[in-house]
Amino acid sequence: MEKNGNNHKLRVCVATCNRADYSKLAPIMFGIKAEPQFFELDVVVLGSHLIDDYGNTYRMIEQDDFDIHTRLHTIVRGEDEAAMVESVGLALVKLPDVLNRLKPDIMIVHGDRFDALALATSAALMNIRILHIEGGEVSGTIDDSIRHAITKLAHYHVCCTRSAEQHLIAMCEDHDRILLAGCPSYDKLLSAKNKDYMSIISMWLGEDVKTRDYIVALQHPVTTDIKHSIKMFELTLDALISFNKRTLVLFPNVDAGSKEMVRVMRKKGIEHHPNFRAVKHVPFDQFIQLVAHAGCMIGNSSCGVREVGAFGTPVINLGTRQTGRETGENVLHVRDADTQDKILHALQLQFGKQYPCSKIYGDGNAVPRILKFLKSIDLKEPLQKKFCFPPVKDNISQDIDHILETQSALAVDLGGTNLRVAIVSMKGEIVKKYTQLNPKTYEDRLALILKMCVEAASEAVNVNCRILGVGISTGGRVNPREGIVLHSTKLIQEWSSVDLRTPISDALHLPVWVDNDGNCAALAERKFGHGKGVENFVTLITGTGIGGGIVHQHELIHGSSFCAAELGHIVVSLDGPECLCGSQGCIEAYASGIALQREAKKLHDDDLLLVEGMSVKEEEIVSAAHLIQAAKLGNTKAESILRTAGTALGLGVVNILHTVNPSLVILSGVLANHYVNAVKDVINRQALSSVKTVDVVVSNLADPALLGAASLVLDYTTRRIY
């Protein structure tokens with residue numbers, strides 16, 4: 001004891017709640033008792049140990065010649081969720097008096113049971129050091145949460161596997177206070193003598209039973225899904241009856257749902273069935289021999305995935321109660337034990353096999369390591385435990401304006417020519433932008449989107465931006481609820497029935513929103529532009545194509561089949577030019593960049609485009625810009641084409657005014673300035689007097705597609721109603 005600086009024996013309180021935790025604690029208790037020069041041992045017994053229906057298992061503690069200092073009746077009967085809570089409360093009421101009398105230096109707590117949570121809570125609040133056995137493991141049900149809660153309360157940790165040790169470190173526990181010892185029960189398992197195992201088998205299963213020709217069944221309720229676990233137990237019993245092998249069935253533990261499981265046993269006559277032996281408890285030494293020589297073990301007990309591996313006995317693990325546990329190759333998992341045939345098939349696969357012995361959970365030397373660890377505890381060290389948090393980059397500022405400024409979105413704009421990705425701040429500032437040519441094939445396009453998004457997300461850290469999600473603006477018809485491009489324009493090839501949300505969300509672990517580019521332009525105006533605070537307005541994009549979005553009562557309209565606001569395909573002439581959509585006389589066929597380019601090329605082919613002051617190089621492609629330049633320089637034919645285009649667009653706007661009656665029309669895109677006056681003239685000539693007062697303005701947003709994609713994220717990351 002000189003090593004730890006203590007000048008008295010270490011007073012250790014071991015509290016045991018049930019038969020399962022005693023099998024882990026007993027080897028430690030024997031080790032402590034064997035070294036009276038170093039330790040004083042106090043044993044507290046509570047929980048199901050003291051209940052007749054669960055075997056009065058406190059008697060095995062007495063048979064092991066331990067003096068029980070205190071017996072606490074803490075179980076409130078009822079075997080439901082409320083009874084579990086009340087049992088924890090009852091234990092919390094009774095334990096302080098016991099701990100005040102004992103005044104232990106350290107309390108040893110095992111595992112993940114609700115009783116253990118009461119023990120750890122009491123000890124922590126009464127400034128008693130806690131040594132937690134089997135922390136860091138992962139399994140299913142509420143036990144996981146309880147185990148990790150006890151870890152946070154405990155000062156010292158004894159874990160069984162390397163993975164459990166790493167989990168504890170990841171949970172910010174002090175590495176110096178973690179001991180990788182292995183499971184204490186393995187000290188007994190790996191040294192168990194089996195010379196008298198036949199008498200044990202005969203006693204519990206009958207004299208006519210041979211080794212490897214019987215089954216051990218141990219199934220507990222799953223407290224987070226009691227109804228399903230009862231059904232699963234019923235299916236298990238049906239499968240065992242059909243399998244027709246001698247079976248030792250142990251009663252379930254005291255968790256919520258156990259009473260219903262016992263009712264199922266009795267309903268099926270298990271206690272009187274010639275093939276079954278139903279028992280409340282088997283002493284651990286004898287239980288070891290029974291599972292070591294069984295043809296199979298079935299159920300959802302941690303014993304099946306932990307201790308039984310030491311013997312290579314086949315195990316069928318049912319349901320989710322042990323999900324996440326490390327197991328040997330002897331364990332066959334039946335996660336969805338939802339049919340009798342599935343469980344029966346598992347029995348047929350596993351029964352009678354012999355697997356290699358597994359030492360995942362221990363090498364038989366856990367107790368010596370634990371005793372050495374106990375002796376090293378210095379009671380003069382501060383009681384207040386410290387957590388080893390990973391280093392965190394200091395915040396530049398804690399000012400609320402700064403925090404809001406750094407909240408950002410990744411915006412993606414899928415244009416007919418370019419693919420652009422940008423980091424956009426909450427205020428609409430484009431912090432960083434990346435541009436590449438949009439690939440022609442689906443695979444190349446998706447790969448490039450992922451690559452650019454990953455690069456931008458990495459760069460966001462360097463520019464102090466916290467990315468809230470990814471917004472994608474794309475041409476075509478989009479289902480924004482599912483993030484799917486239903487079908488696109490001819491400008492973006494191989495872009496139909498494309499799920500954009502899933503691959504990008506999986507790659508970046510961020511929420512992803514997708515919408516049509518016209519809708520995104522309207523969202524950009526609503527958040528950053530002329531539409532801010534306006535209840536009803538319409539945005540028209542005048543670019544390569546014609547698109548738009550309608551905002552009604554502050555909300556974007558998508559329509560029943562996500563086809564609302566296809567404003568470019570409003571028909572303004574029955575015999576007009578052919579549109580890319582296959583129809584004739586659409587606004588887009590007159591006023592889009594593609595339409596103007598088509599007309600410019602016709603003029604150029606007829607030598608009617610160029611006027612004094614302009615030229616087109618031989619390798620240069622004639623574009624809408626040349627048509628606009630020619631009109632400015634006095635080319636009357638170019639002027640006429642632009643006037644017709646503006647009139648077509650104006651007629652489309654009049655149709656919109658008569659349909660949805662917005663208070664504002666916003667023209668966006670590279671051609672907006674060329675069309676705004678023409679649109680106003682058509683409204684004055686053609687519209688009803690009640691809508692002639694509508695404002696028609698040109699967008700002042702530099703990049704509405706990217707800003708709209710960003711607003712998908714920035715508007716909806718907290719609202720979740722989009």
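Using the three backbone atoms N, Cα and C, a Cβ is placed for every residue, glycine included.
Residues or ranges marked as domain 'UDP-N-acetylglucosamine 2-epimerase' in TrEMBL: 38-375.
The N-acyl-D-mannosamine binding site annotation in TrEMBL covers ARG477, THR489, ASP517, GLU566, GLU588. Counting only same-chain residues at least 6 apart in sequence, those with a Cβ under 8 Å from the Cβ of GLU588 (N-acyl-D-mannosamine binding site) are GLY545, ILE546, GLY568, HIS569, CYS579, LEU580, CYS581, ILE594, ALA595.
Sequence annotations record features per position, and here TrEMBL assigns active site to ASP517. Around ASP517 (N-acyl-D-mannosamine binding site), taking its Cβ as the centre, 27 other Cβ atoms fall within 10 Å, counting all chains.
Taken from TrEMBL, the feature Zn(2+) binding site covers HIS569, CYS579, CYS581, CYS586.
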Quiz prompt | Non-site residues, in chain order, whose CB comes within 8 A of the mean position of the CB atoms of HIS569, CYS579, CYS581, CYS586 at Zn(2+) | solution = GLY568, VAL571, LEU580, GLY582, SER583, ILE587, GLU588, ALA589
Quiz item: Between CYS586 (Zn(2+) binding site) and ASP517 (N-acyl-D-mannosamine binding site), what is the CA-CA distance rounded to a whole number of Å?
Solution: 18
Quiz item: Same-chain residues six or more away whose CB lies under 8 A from the CB of ARG477 (N-acyl-D-mannosamine binding site)?
Solution: VAL485, LEU486, HIS487, SER488, ASN516, SER561, PHE562, CYS563, GLU566
Self-check item: Least Cβ-crowded entry, counting other Cβ within 10 Å, from the binding-site residues listed as CYS579, CYS581, CYS586
Solution: CYS581
